[in-house]
Amino acid sequence: MAKLFRAAILGPPGSGKGTISKRIAQSFGLQYVSSGDHLRQGLPANTEAGLQMKTYIERGLSVPDHVVTGLVLPKLEQLSSHSWLLDGFPRTLTQAQVLNNLYQLDLVISLNIPYETLKDRLSDRWIHPASGRVYNMSFNPPRVQGKDDITGEPLIQHDDDKPDALMSRLRQYKEVAKPVIDLYKAKGILHSFSGTETNRIWPYINSLLSTKLNRQPSDAQQMP
């Protein structure tokens with residue numbers, strides 16, 4: 001049986017983590033585990049972690065480590081016989097240490113995107129709150145302006161995506177992410193990629209994963 005491959009992707013809001021993660025999952029057959037998706041799915045679920053998380057979100061507070069791990073780790077247990085890619089987890093050093101006690105990661109990808117690029121991307125970003133679907137007015141607009149393609153419900157723009165709040169979010173991301181990045185750098189499994197366009201970063205990530213997984217580089221169709 002082929003060795004299981006476990007990877008994670010780190011990056012600030014607007015870095016293209018979701019787009020790149022989905023390409024990796026499609027191109028290399030990894031199970032895609034997004035902590036954001038699990039947090040949203042955990043909300044309506046009548047689970048202790050889901051109910052706790054709802055309380056924090058309603059109060060505008062960061063979701064604590066034990067609540068996040070309580071939602072993500074059961075999903076990884078279900079995928080014990082699969083290779084997977086984590087997006088948005090681990091976000092903090094505590095989460096990384098909990099993960100390390102259970103799984104050995106093979107690769108961690110860190111995306112370094114300039115502030116101006118993040119600002120431009122996020123100011124164009126609109127979200128369907130119930131599903132978490134994200135639209136970008138520049139390269140992935142909804143079919144009807146201001147409406148979700150599937151439900152027709154209105155889209156919103158997060159206050160967090162407005163420029164003043166964005167500076168604070170990015171500062172907070174850097175503070176929290178630095179010890180996580182340092183941990184994986186020390187383990188020798190961190191690979192950082194810099195750039196302003198996802199399609200220019202993708203070939204390098206594709207080539208790296210092809211080498212790690214002993215496969216030919218994928219001809220995955222380019223997406224914005």
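The backbone N, Cα and C atoms fix where each Cβ goes, glycine too.
As recorded in TrEMBL, the features of this protein are as follows:
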BINDING   Gly14, Ser15, Gly16, Lys17, Gly18, Thr19, Arg125, Val134, Tyr135, Thr198  GTP binding site
REGION    34-63  region 'NMPbind'
BINDING   Ser35, Arg40, Gly88, Phe89, Pro90, Arg91, Gln95, Arg169  AMP binding site
REGION    124-161  region 'LID'
DOMAIN    125-160  domain 'Adenylate kinase active site lid'
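Counting residues per DSSP class in helix, strand and coil order gives 3 helix, 12 strand, 23 coil for the region 'LID' (124-161). You'll find the Cα of Ser35 (AMP binding site) roughly 11 Å from the Cα of Gly18 (GTP binding site). Farthest C-alpha pair in the GTP-binding residues Gly14, Ser15, Gly16, Lys17, Gly18, Thr19, Arg125, Val134, Tyr135, Thr198: 16 Å apart. Confidence annotation: the domain 'Adenylate kinase active site lid' (125-160) carries a mean pLDDT of 87 in the model. A distance of 18 Å separates the Cα atom of Gly88 (AMP binding site) from that of Arg125 (GTP binding site). Shown in sequence order, Ile113, Thr117, Leu118, Lys119, Arg121, Leu122, Arg125, Asp161 are the residues of the chain, 6+ apart in sequence, with a C-beta less than 8 angstroms from the C-beta of Gly14 (GTP binding site). Around Gly16 (GTP binding site), a 10 Å sphere centred on its CB holds 25 further CB atoms from the protein chains shown. Nearest Cα neighbour of Phe89 (AMP binding site) among the listed binding-site residues (Gly16, Gly18, Tyr135): Gly18. When Cα-Cα distances from Pro90 (AMP binding site) are compared across the binding-site residues Gly16, Gly18, Tyr135, the shortest belongs to Gly18. When the binding-site residues Gly16, Gly18, Tyr135 are compared by Cα distance to Gln95 (AMP binding site), the shortest distance belongs to Gly18.
In this structure, the binding-site residues Gly18, Pro90 were compared by how many other Cβ atoms lie within 10 Å of their Cβ, and the smallest count belongs to Gly18. In sequence order, Ser35, Val68, Val176, Ala177, Val180 make up the list of same-chain residues 6 or more apart from Arg91 (AMP binding site) whose Cβ falls under 8 Å from its Cβ. Comparing Tyr135 (GTP binding site) with Arg169 (AMP binding site), their Cα atoms are 20 Å apart once rounded. Contacts of Arg169 (AMP binding site) defined by a Cβ separation under 8 A and a same-chain sequence distance of 6+ are given as Pro12, Pro13, Asp160, in order along the sequence.
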